[in-house]
Every structure is written in C-alpha cells, then in structure tokens.
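To start, the structure itself, in structure tokens.
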Amino acid sequence: MSAQQEAPIVAEPRVERSRPRPVASWRDHHAWSAGASLRRLMSRPVGTLLTVAVMALALALPLTFYLLLGNVQKMGQALGQNQAVSVFMQPGQTGPAVEMMATKLRERADVASVAIKSPQQGMDELARMQGFSGALNTLDSNPLPYALEVLPKPEASADDVARLVTDLRALQGVDLVQDSGTWRQRLDALLGVGNRVVLILAALLALAVLLVVGNTVRVDIASRSEEIGVLMLIGASGAFVRRPYLYAGIWYGLFSGLLAAGMALLIEMALAEPVTRLGHVYEGKLQIGMLPLWLLGAVPLAAAVLGWLGARLVSAWQLRKAA
Amino acid sequence: MIRFDQVSKRYEGGHEALSQLSFQVAPGEMAFVTGHSGAGKSTLLKLLGLIERPSHGSISLDGQSLAKIGRGGIPKLRRRIGMVFQDHRLLMDRTVFANVELPLVIGGVAPAERGRRVRAALEKVGLLAYERQLPATLSTGEQQRVGIARAIVAKPTLLIADEPTGNLDPQLAVEIMGLFAEFQQVGTTVLVASHDLPLIKRMRKRVVVLDHGRLVADIAAEEVL
C-alpha cells in the first residue's frame, strides 16, 4: 500500500466520515443504479433479447398498422385525383351548348378541368376497344351523346365532390352523371374505422408492454430476494433497492422501442418498391407514406415510460414481499 | 454507547428469546456475547440492527432510543452499523470489489473515494489481489474476510458479528478475531456473538454470557482466564 493510501479504514477517526453531498449522491445513486441494471440485463443476453423482442413486436404492430393505413389513405387521395366525374348530355344537345356549359363549369372553384368528348370521339374510343368494332359497324347512326369529363380540384374533399355531382345533375340538358368517387367515401369511412382500431390496438399492446415488463421485473425481484435482504441489512433504503428495477424497466422499454422503430423502418423500406411501382401507373401521383420522424423518436421514449411504469407498479409490492 | 435496559423478546408462538436483559457497552469497547445454541445471542444482535424489535424494555445506541426509529429511519441506523454474518451474505454474481463497495454506494460516497476506500478495506483483510474475482472462487475464510471488509468499509461506529468464525478453522478464526480487535483499537465498538469459548478466552475481551435469554455473567476483560 502506498503512503497516501495508508490505513484509511481503521486509522481515520469517526468524525472524518464523508461530508453530506445530497445532489451529487443522488446523481451517483442514479448513475450506479442505471449502470448496474444495464450490466445485469447484458449478463443474460438471450433472456433480455427475447423480452425486448416480444415487447418490440407488440410496439411494432400498431406502428405497422398506422403505416399501412396512412398509405391506404394516400392511395385513396392519389387515386381520387384521377377520378373525373362523367357528365352525359341528353341526346340532341349541340356542340356550342355543351361548350358553353363547359366554360361555366371551368369557372367553378372546385373544378380543375373540363374536357368535352364529342359523340364521334366516344365512338372512336369504343371502336378501339377489343370486340366492339364489329358491333359498331352495324349501327346506322351514332347513338352516343356529348359527354363532359369534369375533373375536381385535387384538394377537393369527398364532400366537395359530392356537392359538385349534385350541382351537375341539376344542370339543364344533363342526362346522367356518373360519379366514380363514391368508393372514396366508403374508403374514407373504412379508414376512420381503421384509425380507431389502430388506437385501440395501440392501447392494448401498450398494456401488454406494461405487463411484460411488470412480469419480468417481478420474476427478477423474486429471484433476487436474498440480494435484496442483504442490501437492506447494510442500510439500503427501499428507494435504493427499487431503483435498479425501475431502470431495468426503462432499459427494456427503450431498447424495445428502438427495435420497434427499426422494424417499422424496415417495413417502410419493404413497401417502398411496390408502392413506387404502383405510383408509376398513376403518373407518379402515388408515393409511399413514411412514418413521421417525431413518431419514430417518440416510440422509444413512450416505451421507456411504459417500462418504468410497469416496473414501478410491480416493484412496489413485490419488494415488500421480498424484503 | 450501547444500552440494553430490561429488554425482553418474545417471538410469535411464545418462545422467549431474551428476558429482562440489561447491560451496557462503552464506545470503543469490544465484547463477546456467548452462550449455548438458542441462548439469545443472535436475537440480541438482531435487536441492535432493528431486524427485530423488542417486546419489552428499551435499547439505545449512542444515546438514541431505537424504539423511536421508524421504518424510514432503519436504513440510516444500519449505515452506522457494520454487520458480519456467519454465512457471509455476499452477492455471488458481483465481484469482491463490488460487494465491498455496496455500503459506500448506499452511503452516497463519491466514486473516486469509493475505489480508494474499498481497496484500503481489502488490503486490511489481505484480499486486495482478489478484488476482481467472484466470491465463489474464494475459500470460506476468504469469503468471511470479504464480508468483514464490507462491514468496515463505511467506517461504522458499531461492528456486530454473528458467529463470524463458525465455519473457519482455528487458525483463521484467530486471524479474524485479531481483525476485530484492530478495529476496536481505533474506536469502533465491536460486539461479537460466538460460542467458541477457547477463542473468546484467547482474545481476553469482555464476555457477556447468556443462558435461555437471561444474562448470567458479565465478565470484564481482565477477569477472563
């Protein structure tokens, strides 16, 4: 032993005990507890990994549903942009009258464009369709009316489009209005249900995370009752004994949250290619919806809070039993 | 100063472990508590560490009545006491260093100071070279010495030991008792429960003799033959 270190244990008088340093001591306790619990988790990597993986799956599920729903919503919006409202004029409507109606419609705030399709253009389109050319040759005259392709503004909601359709039906000279956008209303309603399901699922799976952490901590405390007894005999307070278990809950939550965010990113990457291919079909209007960065950051933090909460709920009564 | 005043302890089920026990131990004094198995030695030490509460009577430590210490104050009291157990009660999944460090961590000692004091304690018990080892790799005697290092590292005012040499060979037992005597020489009050009469005689310290929970003899150090 060096001269500087000599006999500090038995040679120092009692009055030279450590001076009180409450803040530093509190900080040291937390650092020690955080480190000790992390080392304990690392000392049994398989068990820790399995627990973290189960929790990550529980967290990744609602994230994945959220991602899928977001993409279906975007898909609906993108496809909706391509859905023109077809207006079939009554037979006998003349070209100038239809042109006048188109001009009026173009002035509407909810209309992006109006294309006129003459009876001849309609006939040509039909002729290009396989199997129709023969049948059309048998007709004496062109039975097709003038038609308008009214394209709503991209930002128009389903309600806006429904209003537009009603207005179009009321126009004089209009025979039939074909609104293929009804499916969007149905899709929106289904997405509303889906969003609610995701919320319920997220709440249930958050509860599952809470229970997984709680049970893991319960087993951990039960297996360490002897250690807890020793700590209490040498002067550890209940808070000191409990702290490593709370940190264990935080670590479990944090790691599973990070893994879940990683899984969600992988699913995003897996979806990117087919969605991009689908987007090309719709002239690039369809792009993959990504999970927002704030959500990816919030998941590990929220999971850490859940882990802490699960550990806190269980450790309070379990430690009383163990001590 | 330790003061027992008419202390009795009756466990649930009716067994009376201590009966009307009164004695004092001066600060810095070393005393043995001896008696046959079941005489009440361990109960006496448990009452001092507030592991048990007396059924009757009062106990005070350095003028503080233990009866007035509530549940929240127990950890603080125990930090003033170093406890050595017959079965060591070491944490087997932690190194020797980590075991000895625990009271300092609990006491809020700064990390740098902890390292210095743990090594000093380990050097005192002759185990500095084993600081990185797990207790399971050590012999029973070495494990007991780790337990002693843990008990003294936070410089307790009182050191209590319950049959600390029970599992040790005679030579090692003498060494361990020698360590306790050294701590007493620097002002620590030491109370050792033991039924090893030859060893107690050899140490020539005060002896409190219990029989069925009653104090039957209180022999001063100079009167020990």
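Glycine too: its Cβ is placed from the backbone N, Cα and C atoms.
As annotated by TrEMBL, region 'Disordered' applies to A:1-23. Sequence annotations record features per position, and here TrEMBL assigns transmembrane segment to A:46-69, A:197-216, A:251-272, A:293-311. The feature domain 'FtsX extracellular' is assigned by TrEMBL to A:85-177. Here TrEMBL flags A:200-311 as domain 'ABC3 transporter permease C-terminal'.
Ranking A:46-69, A:251-272, A:293-311 by CB pairs under 8 A with the transmembrane segment (A:197-216) puts A:46-69 at the top. For the transmembrane segment (A:46-69), the residues of the chain that approach it from at least six positions outside its boundaries are 191, 194-195, 197-198, 201-202, 205, 208-209, 212-213, 216, 252-253, 255-257, 259-261, 263-264, 267-268, 271, 289, 291, 295, 299, 303, 307, judged by C-beta separation under 8 angstroms. With helix defined as DSSP H, G or I and strand as E or B, the domain 'FtsX extracellular' (A:85-177) counts 40 helix, 22 strand, 31 coil.
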